[in-house]
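Over in TrEMBL, the protein carries these features:
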COILED    A:65-92  coiled coil
DOMAIN    A:82-154  domain 'PAS'
DOMAIN    A:158-210  domain 'PAC'
DOMAIN    A:207-259  domain 'PAS'
DOMAIN    A:284-338  domain 'PAC'
DOMAIN    A:356-569  domain 'Histidine kinase'
TRANSMEM  A:12-31  transmembrane segment
TRANSMEM  A:37-58  transmembrane segment
Amino acid sequence: MKNKTNQTTIIYILASIFLAIIYREVFSIVFPSNPSSFSLLNNILFILFSGIILRYVLYKNDIRNSEIYRKLKNTNNEIKESNEKYDIVSKATSDIIWDWKITEDTMTWNKGIESVFGYNQDQVGKTSEWWFDNIHPEDTIKMSIKLYSFIEQKTEKWQDQYRFKCADGSYKYVLDRGFILKDENGKSVRMIGAIQDITKQKEEEQRLKLLETVITHTKDSVIITKADLNDGKFPSIVYVNPAFSATSGYSSDEIIGKSPEVFISTNADLEEHQKLINAIKNKEECQIETLSYKKNKEAYWVNFNMLPVYDSEGELSHWVSIQRDITEDKKQEVEKEQLIKELTQNNKDLQQFSYITSHNLRAPLSNLTGLLNLIEDIPIENQELKEIIDGFNKSTHLLNDTINDLVKVIIIKDNPSIEKESLMLKDIFEDVFSQLDFLIGLHKPIILFNFEEISFLNTNKSYLESILLNLLTNSIKYKSENRKLKISIAAHDLGDSVILIFKDNGIGIDLERNKDKIFGLYQRFHDYPDSKGLGLYLVKSQVETMGGTISIESKVNIGTTFTLTFKNR
Amino acid sequence: MLETILCIDDDPITLMLCKMVIKKALFSNEIATAKNGEEAIKHFDNLKTNHSINKPQLIFLDLNMPVMNGWEFLERFITEEYSEYHDTKVIILSSTIDPQDLEKSKKYPMVIDFLSKPISKEMLEFLKNKI
């Protein structure tokens, strides 16, 4: 810079001197007679002098120029830096930055609009209308009222929470904060804001609110206490729910800071109480039943459950205690026990009664049969007497059979658990068939067996035999006259149970009409002279006494199938 | 054929029936009867002093009787006091259906069978083989 100033000054001086010399030469040629009127020395002095002045002016100017340049450069740098910072922040923040020029109503969004809400840049509207259109309808009014009162400078700050629609149609909860730029007249011209996605926080907040309703609405009392024992006593209470206040009569203000010993009876059950203290010492979950006292000293039974709660560092922070009023349960339990006791006694009495009754019926009846047996050997001449005694004989035997059947029922019903043994199915059937030798010989039914899957059955021998005898005699008794009787018996292993399927092609039973009566006592479905209506009742009783079930399928004139299911073990 | 038997039952018809059937079946020569346990005990007490009466070889015993029932009789009869008659066999002849009675009867060694009324010729034939 200085060099240039010097250079300019030197050029000026040299040029001026050169001009002064030229001028002097021309002057001496034109006016040779008057040389004294021109002084070269004076001119040169003048030139040098003006050169110094020029240099000074140039120098001053230079200084001012360089000052301006320096300032300009600084401003420039600041702007550049600020722009860079904005870019970096805008890129780094997860917030969505928007810039709204209010007077022109143009709006621009940063990249966040894509990364958070999923909008491509070409999907994003250029005006504020697009912004408002995407706010959840329920939030729009409240949000715009707040925003416009801010723009009109009625409020200092603006921040708001609302739901903003994503590109996929779902909504996200956002927190939007903005500031405003004003022109020289104080009018709002531009607004810049930052939107933060707070969906997760909102959801968590709602989840917590929901969870809180459980505690505030449950009928069980909930108490939260501190973690540590308070001088060997229960830790002090920090929270009680409304249910606790409602049950106990203590308001939360009264009870917070105190120990649960205020209401838990310490001497009702020392063992249970100690159990609880030990659990607190060992930081273990504990459940006891104890007497608790209301504020009015009324006692009630509670199921008291204490759970340790740990903080994020795994340190015990609190105890949560849930208490259920079980006074009613306790009362019912006592009533139930009393009822069971009474019923058991009743049952025993009835059983005894039935034994005595049957004994007292059987005793004279056995005399009658005994006497009739004796008459058999005495010849009776009188025809009328003979007929009378005959009728007497038949009635006595019928009465005897009925009573014997009833006795069988009483004995089965009296044996709720009977002894079982592992028996070979084949052997049982052989036994049963030998007892029915006569009937089988008479009717010659076709009998098919399928015991391939299972050959042993854990059962009671006499019951199973009686069941099979009844079913077989039924099949023979109620066989069809039009076709040869076919009986098939199969056993299947179902793992934990065994089923026996007993099928015949007899006359069947009309189940539509008799479904409810089929296994009933003294129910008869065919008018056969020797049918008493006892067989299936006995079968069902015996199956059930052995812990099994029986079901029937039957079609008139096609046949009947019984399915017996027994537990295997 | 047995020499003497004793039937203990409170029901006179049963006793009558017993006598008739036993006679018919030629089961025993002599039939003594007692209306309950106490009478039966008295019968044995008599036997001790009066040697003209035969001691029974077999007793038919009912369970349900007034004054002293079958069980009470057995409890007395099993004591040392009547040890000289412990070779006498006892048949319980009852109308009971209570299964516990059968179990109970097994406690007494002299009880050799538990039979259901009424007494019959077939029953006596069976007993003849058993004794």
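Note that Cβ sites are derived from N, Cα and C of the backbone, with glycine treated the same way.
Because TrEMBL annotations are produced automatically, they should be read as predictions rather than curated entries.
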Residues of the domain 'PAC' (A:284-338) by DSSP state, where helix covers H, G and I: 12 helix, 30 strand, 13 coil
Mean of pLDDT values spanning the coiled coil (A:65-92): 82
Composition by DSSP (helix, strand, coil) of residues within the domain 'PAS' (A:207-259): 22 helix, 12 strand, 19 coil
Three-state composition of the domain 'PAS' (A:82-154), taking helix and strand from DSSP: 39 helix, 11 strand, 23 coil
